[in-house]
């Protein structure tokens with residue numbers, strides 16, 4: 001059994017090694033495929049400094065210099081941050097009264113996965129509730145300053161996310177945003193930015209509200225979707241950094257963890273487009289009644305052949321067929337079941353007249369068939385289908401009709417959509433089916449380098465610490481599984497099949513060895529003569545028998561010393577015989593293995 005245990009441990013070790021090697025190979029292959037897929041996408045990745053061996057990563061709240069920021073809050077100073085943010089007291093006016101209130105709960109607290117106790121965040125504690133909170137900017141952002149707008153913040157889905165958003169709104173300056181307690185879904189905003197997910201629909205919002213320079217109407221412009229899917233931040237429960245940069249030349253960049261995931265122009269990469277078309281279809285123009293749009297028409301000179309029969313059937317009965325012998329025309333295919341009985345609870349008035357269910361007619365089992373015989377159908381050689389005249393080019397074809405174009409009365413050309421409505425506040429107006437969504441290190445600035453330095457002292461050091469502390473086997477496996485362990489469990493069971501067969505083979509061998517050992521042990525307990533072990537060398541066998549004989553002799557001499565003790569006369573006679581004998585003294589031991597006699601060495 002010890003052999004079996006040892007072999008079982010070996011097999012288990014081999015199984016784990018195979019799973020790790022194959023899993024790593026599979027994941028490496030998958031990562032290679034992803035890298036190949038992303039080759040066509042330009043990414044600007046901030047280089048991460050390598051951790052020095054033994055380096056201690058320490059977090060300190062980033063320093064906020066008001067002159068560098070339009071808004072900044074790392075939420076570490078809970079008392080000061082609470083005074084800065086305003087809870088909404090408004091109600092939504094397009095839903096039921098019981099769920100219209102913005103009663104979602106916000107709190108300032110450390111992450112569930114505490115890295116440093118001093119690092120705090122703004123956490124949405126409730127789910128399936130409307131929640132809104134906002135804060136005034138340190139200084140208003142005016143797009144006419146010809147400086148870029150940089151928005152950056154962290155989000156941690158501490159419980160994952162199935163349906164809900166974690167985006168922010170940059171509220172427009174004006175009387176509607178003077179009182180932040182009235183902040184709701186209809187409060188005018190200039191830009192909405194951030195992640196959103198519901199089921200398989202994953203979005204990275206970048207929406208800006210454009211003001212028509214002619215009539216003053218406002219239209220939402222939605223950025224085109226990124227090429228890559230962005231599901232990992234909703235599953236891995238790790239902090240992620242979102243950054244939006246909008247430049248005065250109308251270009252924009254969206255980054256996730258310093259990697260560019262979308263970029264383009266405000267003029268060309270939004271729907272609907274910022275500028276309307278210069279010409280539109282004339283709504284008063286109508287297609288003439290005699291306009292001919294047919295490219296081809298039936299040949300009017302073509303005539304149907306005289307022998308063409310439009311009424312011919314595709315198939316007709318075979319007139320040469322004969323009813324098989326033994327066909328029972330008088331017997332129906334199905335008959336009422338003679339063994340059926342009307343149920344006792346059958347009510348004729350409610351259920352109608354009872355009829356026995358139909359079963360196959362037993363009389364038809366041995367016959368070629370029952371019922372009225374009909375000849376089988378065969379293809380009709382005269383069938384040609386409906387006759388149609390061949391098509392020819394239409395001599396009167398005038399082309400596809402389209403209404404004439406007229407100048408668009410609402411046309412305008414805004415070549416600077418960057419000059420949006422000024423921003424005076426920032427807000428979070430959310431509804432989510434997941435709670436414990438943590439927001440951190442929210443800043444608005446006009447300098448990309450300032451935002452990058454802020455991230456280096458907050459997000460970057462935090463992720464480096466988490467990555468360093470979480471390099472465990474389970475975490476790496478979950479990350480490689482894309483946080484879908486069910487598929488890898490199936491893969492593990494697949495690998496377990498050959499390992500189980502091998503363990504079963506070792507068990508059978510161990511069981512056979514154990515049975516053989518038990519049989520040998522049982523044989524030694526009996527007095528029955530046993531054949532010598534053929535595989536054992538003769539020298540070893542003689543030595544073992546000699547030792548056993550000596551042991552027995554020793555026991556005998558110790559038990560009866562008087563019998564083994566010889567007199568002096570006997571010793572003299574024995575010595576005399578040895579001197580007179582020409583042959584050397586031999587022990588009385590035969591050369592065969594069946595019986596042996598040996599002299600006992602005297603002490």
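Cβ atoms are placed via backbone N, Cα and C, with glycine included.
Of the listed segments 442-463, 464-485, 486-507, 508-529, TrEMBL assigns transmembrane segment to 486-507. Range with TrEMBL annotation region 'Disordered', chosen from 186-227, 228-269, 270-311, is 270-311. Each residue in the region 'Disordered' (270-311) gets a DSSP state, and the totals come to 0 helix, 8 strand, 34 coil. In the shown protein chains, 14 other C-beta atoms lie within 10 A of the C-beta of residue 198 (disulfide bond). A Cβ distance under 8 Å defines the sequence-distant neighbours of the region 'Disordered' (270-311), meaning residues of its chain 6+ beyond its ends; these are 208, 210, 219, 221-224, 382, 384-394, 396-408, 410-414, 417.
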